[in-house]
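> What Swiss-Prot records for this protein is below:
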type: DOMAIN; residues: 23-94; note: domain 'KRAB'
type: MOTIF; residues: 216-219; note: motif 'Nuclear localization signal'
type: ZN_FING; residues: 228-250; note: zinc finger
type: ZN_FING; residues: 256-278; note: zinc finger
type: ZN_FING; residues: 312-334; note: zinc finger
type: MOTIF; residues: 385-388; note: motif 'Nuclear localization signal'
type: ZN_FING; residues: 397-419; note: zinc finger
type: ZN_FING; residues: 425-447; note: zinc finger
type: ZN_FING; residues: 453-475; note: zinc finger
type: ZN_FING; residues: 481-503; note: zinc finger
type: ZN_FING; residues: 509-531; note: zinc finger
type: ZN_FING; residues: 565-587; note: zinc finger
type: ZN_FING; residues: 593-615; note: zinc finger
type: ZN_FING; residues: 649-671; note: zinc finger
type: ZN_FING; residues: 677-699; note: zinc finger
Amino acid sequence: MKSQEEVEVAGIKLCKAMSLGSVTFTDVAIDFSQDEWEWLNLAQRSLYKKVMLENYRNLVSVGLCISKPDVISLLEQEKDPWVIKGGMNRGLCPDLECVWVTKSLSLNQDIYEEKLPPAIIMERLKSYDLECSTLGKNWKCEDLFERELVNQKTHFRQETITHIDTLIEKRDHSNKSGTVFHLNTLSYIKQIFPMEERIFNFHTDKKSLKTHSVVKKHKQDRGEKKLLKCNDCEKIFSKISTLTLHQRIHTGEKPYECIECGKAFSQSAHLAQHQRIHTGEKPFECTECGKAFSQNAHLVQHQRVHTGEKPYQCKQCNKAFSQLAHLAQHQRVHTGEKPYECIECGKAFSDCSSLAHHRRIHTGKRPYECIDCGKAFRQNASLIRHRRYYHTGEKPFDCIDCGKAFTDHIGLIQHKRTHTGERPYKCNVCGKAFSHGSSLTVHQRIHTGEKPYECNICEKAFSHRGSLTLHQRVHTGEKPYECKECGKAFRQSTHLAHHQRIHTGEKPYECKECSKTFSQNAHLAQHQKIHTGEKPYECKECGKAFSQIAHLVQHQRVHTGEKPYECIECGKAFSDGSYLVQHQRLHSGKRPYECLECGKAFRQRASLICHQRCHTGEKPYECNVCGKAFSHRKSLTLHQRIHTGEKPYECKECSKAFSQVAHLTLHKRIHTGERPYECKECGKAFRQSVHLAHHQRIHTGESSVILSSALPYHQVL
């Protein structure tokens, strides 16, 4: 037995190894071949499962396990790692589970009472003679311990006894049995049991061994059978080789060192696998496509791409997977289980790889660097997507329905749902369904109010990491997505994708009601509300409802007076960002929207569309009260207020109300005295631009008749 001090030292070494991330699952795993598994009884198998799961959970608790091994997924589903082959009876016979060697000893010879050292006990055991009745040969116990008496296909096998660790049990003096040593297959004598003395014939392949001294069989209950125990942590193992590997966790021993990079391993198999990184060796080749792999397990998984085999099916939704680990991870969508928790912030994840990626947020580690531009990423998948998007242009994943290609498999899967309409992720609070799991996660934060992502500059919080990343570009001015056609840059890749459809003319989203097509799905969703009349976003101040949340936000600024968008040229502020963009074209003189009929150019696209109706005569907006039609939606809205009498714009100074915001703006200038329109000839200022235009005719000499006809009688000069 190790001293308490040695145990503590071993524990410190284990903690140190784990803190350095040097322990892998394979370091603490217990491996059985199918043959070995069939030899284990029920108690041993149960113990194996318990130890394996405990080892794995210990690693996960300190974040040292990246992906879940298939064997753990099986054990969590209470399945065996091996299926017992039919027609084979390879397990131990219940009556022959253990073979014990003993000798009738008097009380004064009792080994326990004498407290003899292990060396003396071994000497006494070596003195016992055994005779093989078939071969007619005498055996010393010393020889017996060093030979394999029975081959692997028989009831029991005994191998070399290397040393005796402990004598642990004292028996009553009245017990007839002496001290007994368990000769187990893993070469340790661990326990002392009382046994009834008798002669025992051991039959194996028609061979019989009988002892001249006393040999007995102990009918030990299967559930109490002991395996090898680690003295440091008391974990149980079935093989000496597995125990030896396990003990290297406590000692930190890594005897197998790579001569290329100096990295050391606790197992030779791990070294051999690691060396393929340096040699580039990929000995396992796919016969279908020729792709090679460094590990056979990777080849087996890859081959399912060709066969389409998905042997692991979810019992909840019948979705099938090619890998057991993927099924186990998927099932957590249904259960909501998130067993992997970040020790820094407490955030939990459904798989340990997501936890590993998340922890890099805290550490700032970005181990995957692009060889073309030097940009670094936290995940290898992000690097692969980056290179395909910016450098190689590769889009290896094609949609079989429409032929559209994607840079990654996830993009293809998500795209396919636009064809199938599948929305497998359902909110358990409101029942809303989503095509992407990430969309469900973000949606659920509406119910919880959670905003875990905070800007370190302005402290604004967001419910989605992507929203924070996009927001931070407002501070940095970064626009990493540039159009190759016109050079225009964007903060978001989706904005670039939408913009590129201007050049391609692509409008992939079609309305099923009127067949109108759109370049963006969001525009289609907005359009469909015209048919449904849906206006789900209501103002709490005045009760006005809107079909889009952006319109509600913009409307609420009428009540708050907020104008967060300021022109850097003149300081004028606006309630909407689009208004600022349009206003800035006054300073730049830019008119990017040109009519193909007459060549007239406009600052706003909406103005061009409205103008084109002059050529076409189109009046798509009709009043449902009087039938009058309009070429502009805004004109219809203003007209309808004649019927309703609605005057939603009220002056805060005198409470006078107006049907149009422009009328309110003009009225406010009476109170403020503001006259923003100044004549460059004489300096006279006016509240309205139309008044300035009329005044300027005095200087140009235009007919006063025109002026008088244009103004009400009392305004004629």
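Glycine is treated like the rest: Cβ placed from N, Cα and C.
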> Would you mind listing the long-range same-chain contacts of the zinc finger (312-334), meaning Cβ under 8 Å and 6+ residues beyond its ends?
67-70, 73-74, 76-77, 301, 304-305, 350-351, 424-425, 437
> Of the residues in the zinc finger (228-250), how many are helix, strand and coil by DSSP?
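Summed by class, the stretch gives 11 helix, 4 strand, 8 coil.
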> Please list, for the zinc finger (453-475), how many residues fall into helix, strand and coil according to DSSP.
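Breakdown, helix to coil: 11 helix, 4 strand, 8 coil.
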> Using DSSP, how many residues of the zinc finger (677-699) fall into helix, strand and coil, respectively?
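Here the numbers are 11 helix, 4 strand, 8 coil.
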> For the zinc finger (593-615), give me same-chain residues lying six or more residues beyond its boundaries with a C-beta closer than 8 angstroms to one of its C-beta atoms, as numbers and ranges.
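Contacts of the zinc finger (593-615) (Cβ under 8 Å, skipping residues fewer than 6 from its ends): 582, 585-586, 631-632.
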> By DSSP, what is the split of the zinc finger (649-671) into helix, strand and coil residues?
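Its residues fall into 11 helix, 4 strand, 8 coil.
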